[in-house]
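Chemist: Got a structure for you, written out below as structure tokens; questions coming shortly.
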């Protein structure tokens, strides 16, 4: 509310004229300098001085609790850090090929290259404007496809290096995967938007998707059956050895 009132008063002061005369638009623009100086001094320096005084007073009161302690503040901070610090676990693969990929994706040049690509992708997304030519739109779409492919390739390399469990334990990796997945879905939707406009195409897609799910389900059932049979063989083998030992 105070800032709104100051802005209104600023415009009134700028439009002010001589005594006993009506206002003139932007008659005294130099008056704005006074308000700028007032806002800088009062709103910034004075408030910061007050906040700093409160913080210093609070710290001094807190130091009174340790006036009989033989340790100084730096030593107490070191002890507190040693007690509260948690070791950082870093996944390092043992396989030589996986280790090579891990070394590549964790190197600083790779991180800098990905950062530069992220900045370029942000710039390319900000280059869109209303009424842009068709060729310009197609060029931006191609750039978006290239960046998405590179980021998807980064995801593949990191999964190969860290495996799924170690990869998704990092929150930044989860965020990167979400962004890449969203970009892929956006591109797929834009490319297949006209395809799903036909009911027969939707019907064909449902059939293909159902067949794929059925194949995956059958594969899982087969693997589960093999696992059960293998477990039964181990049980029978153990039972036979137990009977043999008992007969001895």
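Backbone N, Cα and C define each Cβ position, glycine as well.
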Chemist: Given 85-103, 142-160, 161-179, which one carries TrEMBL's transmembrane segment label?
Modeler: 142-160
Chemist: Can you dig out which of the ranges 32-58, 221-247 TrEMBL describes as transmembrane segment?
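Modeler: Among 32-58, 221-247, the range TrEMBL annotates as transmembrane segment is 32-58.
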Chemist: Go ahead and report the DSSP secondary structure tallies for the domain 'Ion transport' (6-65): helix first, then strand, then coil.
Modeler: 44 helix, 0 strand, 16 coil
